[in-house]
């Protein structure tokens, strides 16, 4: 198993998490290669966050195995983060929450996400978009191999959403880190996603975003233009086991799966991983993070 | 100099306050005030244990407080009841068992009020050595744990994902708190230890822009409150613990008031802005 997964940052096989008498997720297979962007989508309560947490070791799985690359550096932007008002914390101070960094590195990181002018501001006073950018800068400051973003556009208006996704794409391109993105939005995912995993307690389907995968231009992932930051990825569930309006579509034939087939559990994801992983891994070597 | 009981008490109070301040900041940030109360109440059971088995008081109080905090961790993992309710059960259960146990030992003549509210006459040279030795240990542990504890306070998941082991830091923090309660008991008394943790930290919040500044200020304000309170206690023959808390509270209330000089200046600047 070790030898097989040397090219992968994280290799999850048949992972399940059991809490309070029920399986939050089960039988999840997910392999994340270097430099790959993977998006987890699914309705509320479908186990996206749980899957991501199991991948990076925040949650211990009750079934299956998770193999992580040695010395894997993770940068994490959680779904919910509210700094208690009793805790004074400037933007600059928050940057070094889990890692050391000098002032110029911090300044550069804040500059990258466009909030350098807020370095002295208290985090409580930031707007939703500014705070998300600060969290992104903080996670990137660690020079992570894998950036995990749980609903990163939460509390951000639509134009800010587009800008934030573009920023994430840019950061990925320049840093070469893999990205595990979680979105509850079934309609909009990042254009540059290598692979989409649709969850609903288990892996409903997995594959590249249909419309993008169809075009050969998309295969040259890094050549794609930054302007194309969003892609519409339509996916309608043919089953309605959660009372969520978003997936309760009447038509079951209205599928737009494209290359994405149902239940990839048995299939190896290796091909997609290597394709995207090879160039990124090469660039990663230049960085040589500590 | 150390032969003067009051000097010993002052040094003991300052020694406790300088570590209680930073520790209290975490209690405030993590919303653990009731937890501090629970551990302090369990100290009475520790006293009973010490008297029954003729163990060292410090050791017994630390053991019982640490035991209670670990029971809490286990009960929390089990789930079902809120932390609030669990603390309510543990807090009063340990207090009650402590008092009942003391009643079973009629041969023991115990100055209960002294334990509950603190007694400045009680500080021996040995106590002073324990307090300052303990303060150095607690300070060192806090420095060592600072990053994981703070990261875990902001967000336990970030801390866990980014290799800070927040759960280990949390348990270490609870043990440190049990230790501080054990050494602070003689001066502040069981019932008011949480006040010495929380009030200076709350006062410091008003002036702090970073967690580190808040921790240092809390230690400073705590030391000032402790010194002021002990003078009050000496001058008016009041119990030491409540006197310290009253002074700490006075400082907190003063900090709530707008600073007259600065607010006057701001008003002047505003007026200028309006006319120009």
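Backbone N, Cα and C define each Cβ position, glycine as well.
Annotation source TrEMBL lists transmembrane segment at B:6-29, B:41-74, B:86-108, B:128-146, B:171-201, B:213-234, B:240-259.
Note: the stretches the transmembrane segment (B:213-234) and the transmembrane segment (B:41-74) are not in contact (fewer than 3 CB pairs below 8 A, sequence gap of 6 or more). The transmembrane segment (B:41-74) is not in contact with the transmembrane segment (B:240-259), judged by fewer than 3 CB-CB distances under 8 Å for residue pairs 6 or more apart in sequence.
Below 8 angstroms of C-beta separation, residues 2, 8, 11-12, 15-16, 18-19, 22-23, 58, 169, 172-173, 176, 179-180, 183 of the same chain, each at least six residues beyond the ends of the transmembrane segment (B:128-146), sit close to that stretch. Beyond the transmembrane segment (B:86-108), the same-chain residues lying 6 or more positions past its ends with a Cβ under 8 Å from any Cβ of the stretch are 34-35, 37-38, 41-42, 44-49, 51-52, 64, 68, 71-72, 75-76.
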